[in-house]
Each structure stands twice: as structure tokens, then as C-alpha cells.
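In TrEMBL this protein carries:
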DOMAIN    18-504  domain 'Amidase'
ACT_SITE  Lys74  active site, charge relay system
BINDING   Met122, Ser148, Ile169, Gly170, Gly171, Ser172  substrate binding site
ACT_SITE  Ser148  active site, charge relay system
ACT_SITE  Ser172  active site, acyl-ester intermediate
Amino acid sequence: SATEIVSNIEEGKWTAGEVLEAYISAAVRAQEATNCITEVLFGPARSRAKALDASYASTGRIVGPFHGVPFSIKVLDYEGFDSTIGFSQWIGKPANKHAALVSQIIAAGGIPFVKTNVPQTMFSFECNNPLWGRTLNPRGTAFTCGGSSGGEAAILAADGSALGIGSDIGGSLRMPAAYCGIYSLKPTAGRVSTEGGVNPSPGFEGIKTSFGPMGRSVADLDVFCRAIFGLEDKYRHAVPLPYRKFDVKSALKFGYYTSDGFIKASPANKRAVLQSVEALRRQGHECVEVVPPSGHEALEIYLAMTSADDFHRMTSQIGSDPVDPALYLTVYGSRMPGFILSIATWALRNIIHDPQFATVMDAGGSKSYEKYSKWVERRNEFEKTFFDAVWERHGLDGIIAPVQSMPQLPHGAVTTLSPLCVATVLYNLLDYPAGVVPVTRVDAGQDWLTEEWAVRGGQGSGSVWIEDVLYRKGKKSVYNAKDMDGMPVGVQVVGKRWEDEKVLHMMQVLDEALGKRGFGPGSSL
């Protein structure tokens with residue numbers, strides 16, 4: 001782990017150069033297995049490792065909490081290297097300076113040594129683009145590694161990096177972490193600087209992007225947050241709120257749910273939540289089932305705001321590149337001519353009997369400022385409703401929830417199933433800190449589909465059309481415990497806004513309660 005690397009270097013057992021060379025070899029193996037790397041930063045990384053070793057040799061002290069830790073980075077500018085994010089027309093435009101977070105990592109002794117792959121536009125969770133190709137899931141190459149921080153999750157799950165940096169505007173830190181069986185934290189927006197972060201839709205702030213850590217233990221995420229929280233950048237993009245020590249309570253109170261009201265969790269994902277609840281209760285923590293405000297309303301508001309310009313600015317970056325099919329439903333669905341959209345939503349309501357999905361589809365498309373501002377107002381009201389119905393009503397410390405209704409998706413399935421992001425989008429809309437802890441693995445012997453998933457309109461059911469595709473197509477159902485057997489399943493651990501440190505503590509509490517279960521450094525071997 002990253003913490004072990006720093007400890008061994010400080011004790012004189014290893015050098016930064018030795019650690020870096022080991023991880024370069026591991027990263028090459030990860031690349032060969034998953035196609036996770038875009039830019040190779042080995043030259044400057046070796047120079048940095050040499051400087052760190054010289055500093056330690058002369059002073060006997062490490063330079064900071066990341067001393068000698070190899071970092072992989074997602075969409076942060078690194079001086080002298082491109083930040084293409086999969087767009088061919090961005091080739092040959094190297095950054096003229098480091099992103100603020102990159103500079104902060106280097107100042108603390110970290111060594112960025114690779115940049116990793118993302119989906120086209122980063123508005124998808126199938127990690128594929130025409131420039132760099134598709135990234136595979138190291139736990140099972142028939143499945144996507146998720147997105148948009150998919151390359152990060154893949155390289156970390158393959159033990160090709162010690163610590164990684166991703167970003168999240170709809171689940172991009174959390175879905176890949178869950179898909180690949182690693183840990184991540186989406187901080188409250190503003191805890192980590194976004195200066196120098198590459199964005200295909202600059203200027204959009206209706207939903208704020210969060211940068212955060214991805215790693216192979218909660219301890220590594222905590223070290224990152226202790227070092228980075230509160231650091232200022234040139235333009236004051238980060239909130240000057242240093243890491244705050246959380247006053248540990250002997251017993252915590254968690255709320256939990258297995259359906260967000262829009263898509264019911266699969267048997268494996270439901271079991272992961274209930275297994276987490278059982279483990280926490282054994283340790284003396286209180287867990288109560290809660291009913292959050294409907295996820296379809298959260299997705300409706302999210303789509304309404306993000307599609308306010310019909311996604312034109314974002315997709316204009318594609319240029320002459322072929323469009324990845326994963327974007328079809330979200331982006332091009334919102335651009336349907338009015339009469340076609342009316343027919344589609346009428347059919348959803350009156351033939352398929354799925355008013356929830358129809359309502360979400362109606363929300364897409366371009367908007368005047370007046371209409372957009374009304375959606376912002378509705379977002380703000382949704383925040384109040386959620387807080388009152390969940391946090392205040394139950395007096396919770398945290399929430400345990402599915403990361404998604406599915407453990408993973410096979411390649412290509414995102415084309416028609418992009419609404420599955422609802423489970424993570426909810427906490428972007430609310431701007432709550434949310435972490436991912438890997439809990440278990442799909443077990444074909446117990447995670448099969450039962451009558452609970454076969455019947456339309458059962459408890460926790462939501463979108464009829466989506467749940468039909470996931471669970472009610474027989475052998476063609478997307479959820480298939482036999483095919484997914486052995487794949488990781490995680491949960492979200494969610495806290496109130498600005499309580500990021502408490503979320504890390506709750507993640508650690510859950511991780512310890514679950515016990516050893518084959519996740520962490522070396523689990524890819």
C-alpha cells in the first residue's frame with residue numbers, strides 16, 4: 001500500500017527509485033492486460049525519484065507524506081504532456097504547467113508516473129474512446145472497468161499503481177472502484193482543487209466536479225486527504241478547510257436501502273448492502289432501513305441541468321471522431337425532435353407502463369435561462385427534502401447504499417443502460433461525500449434471480465423498462481450471476497456535506513467489520 005511504501009522508505013529499507021522501477025514494471029503488465037494507460041511519464045518520474053533519494057540520503061528525512069509513492073492520474077494537466085481525454089483533435093497540445101493537485105502531490109513527495117484512460121467526453125461509464133481504445137476490467141475482461149475514471153480503477157486493481165487520482169460528476173470515482181474491487185472517495189466539491197483539471201464542458205457548474213483519491217485501502221485514501229485537504233491553489237478554487245480530526249463515537253447510526261426507487265438492486269448488490277449492515281450490527285452499530293426520495297427525480301433534475309445546451313459544447317470536442325455508442329441514449333436521446341420524443345414517452349407511459357423513465361426522458365434537451373433556473377431551484381428543494389426525510393428524520397451518521405444496481409456491466413451494455421448511474425448521480429446532485437468499499441463477490445450459488453425480481457411492480461421496483469432488460473429477459477437478462485461469478489461488489493458509504501473525514505472513518509469501520517475478504521494490494525495476483 002502507499003502507507004507501507006512511505007514507511008519502508010523512511011526506515012531505509014527501500015528507495016524511491018527501487019519502488020518506482022517496481023511499479024513501472026507492474027504498470028506495463030497492467031497496460032498489457034487492460035489497456036489502461038495513455039501518457040507515459042517515466043522520464044520525469046525517474047528524475048523525481050532520484051531527487052527524493054538524494055534528499056533522503058543527505059537529510060535522513062522524508063520530504064512529505066507521499067515520499068516515493070507512485071501516482072497514476074486521470075485528467076489532470078502534467079507539464080509537457082497532452083491531456084487528450086480521448087479526443088483526437090486535442091493531440092499535440094501539451095500542458096504548459098502542472099495542475100494544482102499535481103504540484104501538491106509532487107511537493108508532498110509523490111511521483112506521478114502515468115496518465116490513464118477515460119471514456120469519450122467522460123460522460124459515460126464504458127471506458128472507451130477512438131483515440132486510446134477500450135480499457136478492460138482486470139477482474140474479468142468481458143466486463144467494463146467503469147468510468148469515467150476507468151483507467152485509474154483498472155491500473156489500481158491490477159496492482160499497477162500505488163495510489164490514483166480520479167474525478168466525479170456523476171459517479172466517475174465510485175462506479176469504476178466498485179466494478180474493479182478497489183476503494184475511492186468522492187469528496188464534497190471544493191475540498192480538492194480542480195485547477196488544471198481537464199473538462200470537455202468548461203463553465204458548467206450546475207453539478208460540481210470533485211477530484212478525489214482511488215486506492216487499495218481506506219488508509220491510503222485517508223493519507224491523501226490529510227495531505228491535500230486545505231491546501232490552497234493560485235486561484236483559490238479549493239476551500240481552505242484542512243483535514244479535521246473526527247471525534248470517534250463508540251456506536252454509529254447508519255441508514256441503508258437496497259432500492260433508490262428507480263432501479264432495484266440486483267441480488268448480488270442487495271446482498272452486499274445487507275452483508276454490510278449485518279457486519280456493522282455485530283460491532284454494535286445501529287442500522288435502520290430508510291426510504292430516500294425517489295431516485296428518478298434526482299436523475300430527472302440531473303439530466304435537465306446537464307443537457308441544458310443539448311450537450312453541444314461537450315460533443316463539439318468529438319470533431320470527426322466516431323461517436324462511442326455509450327453516448328447514444330444520454331446525449332442523442334435528449335436531442336430527439338419533439339414529436340419523436342412525444343411518441344417515445346407516450347409509449348413508455350401507456351404501453352410499457354413506465355412513467356418514471358418517461359419523466360426522465362422528458363427532462364432532457366436545451367433550455368432557456370428561465371427554465372434552467374427553475375431546475376436549479378428544484379435541485380435546491382430536492383436537497384432540503386432529502387435532508388429532512390433521511391438525515392433529520394432518522395438522526396443518521398451515514399448511509400450504506402448500492403453503488404449501482406449491477407455489480408458490473410458487460411462491454412457495450414452502457415449504450416442502453418446509462419440511467420443505471422442514478423445510484424451515484426443522486427450524491428452528485430446533493431454534493432455529499434461518498435466513498436466506496438468493496439464488500440464481496442458475486443456468488444452464482446446464492447445470487448440468482450428469484451421471484452422478487454421476476455414480478456413487475458414489486459417492493460422497491462422502479463423503471464419497468466430498465467428492470468425488464470436487467471432481470472426479466474430470461475437468458476438474455478443483463479444480470480447473470482453465473483457469468484458474473486467472482487466479480488467484486490461494493491457499497492457506497494455516504495455522509496453529510498463537508499463531513500468527508502467522518503465518511504473516511506465510517507469506511508474504515510465498515511472495512512474492519514467485514515474482515516479479510518481478498519481485497520487490497522496483491523488481490524489481483
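For all residues, glycine too, the Cβ spot is worked out from N, Cα and C.
Bear in mind that the values here come from a model prediction, so they are computed numbers and not experimental data.
All protein chains shown were included, and the count of other CB atoms within 10 Å of the CB of Lys74 (active site, charge relay system) stands at 29. Neighbours of the substrate site: apart from Met122, Ser148, Ile169, Gly170, Gly171, Ser172, residues of the same chain with C-beta atoms within 8 angstroms of the site's C-beta centroid are Phe123, Phe125, Gly147, Ser149, Ser167, Asp168, Leu173, Met175. Fewest other C-beta atoms within 10 Å: among the binding-site residues Met122, Ile169, that description fits Ile169.
For the domain 'Amidase' (18-504), the model's pLDDT averages out at 96. Distance from the CA of Ile169 (substrate binding site) to the CA of Lys74 (active site, charge relay system) is 14 Å. Contacts of Gly170 (substrate binding site) defined by a Cβ separation under 8 A and a same-chain sequence distance of 6+ are given as Phe123, Ile207, Tyr302, Cys421, Thr424, Val425, Asn428, in order along the sequence.
A 10 Å cutoff on Cβ-Cβ distances gives Ser148 (substrate binding site) a total of 31 other Cβ atoms nearby, all chains included. If you take the C-beta of Gly171 (substrate binding site) and look for same-chain residues 6 or more apart in sequence within under 8 angstroms, you find Phe125, Val403, Gln404, Cys421, Ala423, Thr424, Val425, Asn428.
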